[in-house]
Amino acid sequence: MGMYTGGMREVEARWSQDHNFFESWRDGCTGYPLIDASMEELSTTGFISNQGQQQLRLYLMFPLRDMGTDWRMGAKWFETCLLDYDPNVQIMGTRHMVQVSVGNDPREDLYFSIPKQ
């Protein structure tokens, strides 16, 4: 289990290694049509839009206090599937999601709502 401590609030996050949750995400069996269709597109074509990648990352790891799946598991899956994989783009995109999750935003109640997407 990894840990990230940082930002002005010194937020500590313990990353989950929940393999059942990860496998449902990876296999497109989350029950959320947006996520499941995006994962099917990724595994079928090897491509997905940047917006789709962001939504998949957010579902997997945001907010940390609810799901918090280790972002490295998702990054590894993108590396496996994406035909146009670029480590700089993928790692920086994921890093941005981690920063959003533990950053300095004073609003404690931020939540990524899949149904609203």
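Backbone N, Cα and C atoms are what each Cβ position is placed from, and that goes for glycine too.
Annotated FAD binding site per TrEMBL: Asp84, Tyr85, Asp86, in sequence order.
What TrEMBL records for 13-98 is domain 'Cryptochrome/DNA photolyase FAD-binding'.
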Distant-in-sequence Cβ neighbours of Tyr85 (FAD binding site), under 8 Å, six or more positions away: Phe78, Glu79
Sparsest-packed among the binding-site residues, when each Cβ's other Cβ atoms within 10 Å are tallied, from Asp84, Asp86: Asp84
